[in-house]
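According to TrEMBL, the protein has these features:
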DOMAIN    B:42-558  domain 'Cytochrome oxidase subunit I profile'
TRANSMEM  B:20-41  transmembrane segment
TRANSMEM  B:62-82  transmembrane segment
TRANSMEM  B:102-127  transmembrane segment
TRANSMEM  B:139-162  transmembrane segment
TRANSMEM  B:230-253  transmembrane segment
TRANSMEM  B:287-305  transmembrane segment
TRANSMEM  B:311-332  transmembrane segment
TRANSMEM  B:344-368  transmembrane segment
TRANSMEM  B:380-402  transmembrane segment
TRANSMEM  B:414-440  transmembrane segment
TRANSMEM  B:495-518  transmembrane segment
TRANSMEM  B:590-609  transmembrane segment
Amino acid sequence: MNENQNQVTKQTHAAFPWKQVIGLFMSLALTFFALWIAVGLSLPVPVTITIIVGLAIVQAFIQLFMFMHVTEGTEPVHQLIGILFGIYVAFVVVAGTLWILAYAL
Amino acid sequence: MIESIKSFMGWFFVTGDPMIYGADASIALVSIGIVAVLTYFKKWKWLWDEWLTSVDHKKIGIMYILAALLMLFRGGIDALMMRAQLTLPNMHFLDAEHYNQVFTTHGTIMIIFVAMPFIFGLMNIAVPLQIGARDVAYPFLNALSFWLFFMGAMLFNLSFVIGGSPDAGWSSYAPYAGAEMNPGVGQNYYLLGVQISGIGSLATGINFLVTILKMRAPGMTLFKMPMFTWSILITSVIVVFAFPAFTVALALMTIDRLFGAHFFTIAAGGSPMLWANLFWFWGHPEVYIVLLPVFGIFSEVIATFAHKTLFGYAVMVWSMVAISLLSFITWLHHFFTMGNTAPVNAFFSISTMLIAIPTGVKIFNWLFTLNKGRIQFTTPMLWALAFIPNFTIGGVTGVMLAMAPADYQYHNSYFLVAHFHSTLIAGTVFGIFCGLHYWWPKMFGYMLDETKGKWSFWIFMISFNICFMPMYFLGLMGMTRRMYTYPAGLGWTPINVVMTIGAVGMGVGFALIAYNIVWSAIHGNKDKTGDPWGGRTLEWATASPAAEYNFAHIPEVSTRDAFAAMKEDKGVFTTKTAKPYEPIHMPNNTGIPVIMATFMFIAGFGCVFEWYWMAVPGLIGIVICMIARSFVYDDHHYISVNEIKRTEAGTGRLS
């Protein structure tokens, strides 16, 4: 370890960031597609929700692979713990909210 | 024309209350005073170069703490106003509306603009030094976080004199906080001010998570980190996962109020209960965001002044991990009485009681650390020792409140108010004062006076008990929170008088801390060694205040309590200083964070008043700042070997 290098300074400016640009357009497309399904079509509510949730999962993978360098890094265990904690929190907030508000829905 | 200007001014500025005119005058005078002093002493350039554009974690930490102390003063004045109003029955010091605004701003300011920034300040000061790093992972983002917090706080405080304060409580429950029942700009101030500073908090969480995972000194494995750093690592994880829920909830309510959506109104199929649900999904982890770091501070201070290693290090860590997991499944206990089904209440009742187990484990670990220790009663140690019994009372009453059937009795009574003040004052406030006294020499290079520090401790701690112990009984006697006055003859008056005396005493204690800071700045003992307390962790291995680059050589760590080990084994020290210096790579200062946060303020203010001619340019300004930042290639510099030698010789570290 070079003790005087606090940050990664060697940035490569050579290649055009195709991955990020494609990711940007794909996430924009997915977002507007979801909006169109909810606003533009009048599908039954469960169908709409199913499609939107499906699109959201695709969106999450695009974020992870196109922008967030999930395949890189020296300590994959950090990524794993982070993703597991994220799944835990997402499950808790969705399942908990549905359970808590079940009487009111 | 003149009439319309007049009516605009009458609506724009808060009018009618002499106290507000007093505040207007004092704000104007203080602003003129600051500008005049800076101009007279030609300090504008110094302010800009040394502070406003700084990305140095130590300076950002100092600014956080300074802002948090100012906000503590504001929140404390709010508290004293409430106590003045409630001292005797049928008082007319504040009217109902003004009282509602005061308790709303008191709660919001104390949690979001005092507890969090104070903790962020202390972790900015201590964490990079404790892990032997030269800065945080993202210095630019760190400065941006601070300025977003600062601008959010300023926006929120502006509501006092311009437009009117929010009055729906710090929890801002729908439907009362919605546009229909709460017209005007007050609630918009809450939503935008808290949102802006919340973005900064989220960024701080990410920043410290990466800093602690990636920038530890060589040899410092996770289980060799100081306990404060551990607590910040876990806190950062909670921040990263809890804050998005709040960001979304605030955004949804902003859309409701500004653009007429119906997320939280029954009218078009929304659900007011969803606000309480989302708010507390953030709100309960938030409690641990402001508590775990002070657990870390107490662990450091108790180990240092008991002259022992911390008892049960691994258990301490795992109990914090357990708390972080459990903190996400207890949020319903804030609204047991909202009409949920019995199985829901039973589950959250049990999960809430479960969280007392890891917390209790930590209490016993601190007691065992003290056991057979050589205890030195310094000011930070007094705060830490007082924390243990006082906080435990808050914890035990929390378990009482966790019993859902009993909660139907306690709910929204002063028993609850006493409980959360017992945890947040005896936990968080004692903790930040403890950390303030402990790390003050590291921040400024001189000690806070011990005699005055001990006086302020005893006055504050005793007054805290005078104020909040009787409050439990007042709650059991039936007084509910947020009532602005009460009739005579209920037997509440004597207790209320006693509580006001306690509140004034806490004000005196805080004033004494402020006086001690000013007095010690002039007369305080210099800390020439960098290790005034006989510390055990790496922040004490460098000079006080630490040089810009923190460590001339990055320390190498082989054990827990790394600095204590280095002091025992002198050899480590001598071989280290023998190595030649190398140029040190540091980030450049930048004005973009403060400018970008100012645009955020402009956009926020525009949204508060629904002036989109103002909000849209503000948002465009933010985007321009981002683009400008992405074209900054020259973002670092090197500190030359000569300069390092000069700095090190100046602190007597070069022989």
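Placed from the backbone N, Cα and C atoms, the Cβ positions cover glycine too.
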The transmembrane segment (B:311-332) and the transmembrane segment (B:230-253) contact flag, 3+ Cβ pairs under 8 angstroms: yes
Residues of the parent chain within Cβ reach of the transmembrane segment (B:20-41), under 8 Å, 6 or more residues beyond its termini: 13-14, 47, 160-161
Spatial neighbours of the transmembrane segment (B:590-609) far in sequence, C-beta under 8 Å, 6+ residues away: 48, 52-53, 55, 140, 143-144, 146-148, 150-152, 154-155, 158, 163, 185, 188-189, 192-193, 195-196, 254, 258, 615-619, 621-622, 625-626, 628-629, 632, 635
